[in-house]
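Engineer: Quick paste of what Swiss-Prot says about this protein:
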- Gly9, Thr10, Ser11, Leu12, Asp13, Gly14, Ile15, Asp16: ATP binding site (BINDING)
Amino acid sequence: MYSVGLMSGTSLDGIDAVLAEISGNGRNTKVKQIEFITLEISKDIKDEIRKCCIEEESSVDLICSLNFKLGYLFSKAVKSVCHKANFHIANLDFIASHGQTIFHIPRSYNNFVSSTLQIGEPAVIAYETNTKVISNFRVMDIAAGGEGAPLVPYSEFLLYSDKNKNLALQNIGGIGNITIIPKSCNIDDVFAFDTGPGNMIIDGVCQRLFNRKYDKNGYFASKGKINEEMLKDLMSHKYLSQAPPKSTGREVFGQVYLDNMLNKYKHVDKYDLIATVTMFTAKAIYYNYKNFILPKVNVDTLLIGGGGAHNLTLIGYIKELLLEVEVLTQDEYGYSSDAKEALAFVILGNETLNNSFSNVISATGAKNKVILGNITPKPFGGK
């Protein structure tokens, strides 16, 4: 079968679209990446997404409208990746869309129950492409008592499991998440969780203080020095010491967090500040490794994927902290760092169509293994 996987993460750096060929399912899955693109998200749409994520700025009409706007944008990404590959869209068997997370409540509090909201209307994607769409992957895991995240460990287990190495896969998108795959393990031995901020705070600082979308190659951070007092304060965030399973997002480390931090440390040199928040991401990864992974598994190799894999300063900090572990990017290991999550949803969508379980309960904390995703049929019929 041929599929397009779509991913728009918390970093808002674009819509990732991967065209892939997939066959089999479970341990017999074979997947081949054909083409990959990242479709830029306009500043206006980014601003609308950020507003939707902030209680004081959001509104029901904004969320309602943005749900459909993103549906059209995701459709454009599907058409673009197929066009780049000279692939006729009529030959697509399905589209797997993660959507755009607007809010994520992994654990109930006050009068709010565990819940999550991803938008990017699948009916619009299905209509615009006349293709079956699998979407809304996280909600069934939450219904089963899980946190709805992380979901990529299932695909990582299928693609990366090794008989001879204990592997850790650290994705650094807006938020960081890590998957541990012990050597010669089965799916129930895999565990994963969000490590905390990834690129989200770094990008926010870069946009505010340097008028750049992101810190390309970690250039600005490389010019600064770590402010130890500030770093100690950042590392005191209660999320870091929370034991897995755990997940987080923009609602914790987004614009409100950034505003408060920049106001508190406005006296810090901007180069030192971006160096410090870059080290914060690295040290959050190290803290989680030391406290929640090392007691269970001695990791041989850490593979870094996502946009953070291109930040040379961040990679350098991680290597300094994890001296006993081989640290590589996923590209160095033979896989695309950028296409990883979009490809994961192709695999998850395929499992949905095969009526197969694809949540990893040791990662999400769900009570049961469940079939993930909602299916929106082709609007004009046919297989």
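Just so you know, glycine gets a Cβ as well, placed from its N, Cα and C.
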Engineer: Looking at Cβ-Cβ distances, which residues of the chain lie under 8 angstroms from Thr10 (ATP binding site) while being 6 or more apart from it?
Structural biologist: Thr101, Gly173, Gly174, Ile175, Gly198, Met200, Gly249, Arg250, Gly254
Engineer: Could you tell me which of these binding-site residues, Leu12, Ile15, has the greatest number of Cβ atoms within 10 Å of its own Cβ?
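Structural biologist: Ranked by Cβ atoms within 10 Å, first place goes to Ile15.
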Engineer: Among the binding-site residues Asp13, Asp16, which residue has the fewest other Cβ atoms within 10 Å of its own Cβ?
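Structural biologist: Result for the binding-site residues Asp13, Asp16: minimum number of other Cβ atoms within 10 Å at Asp13.
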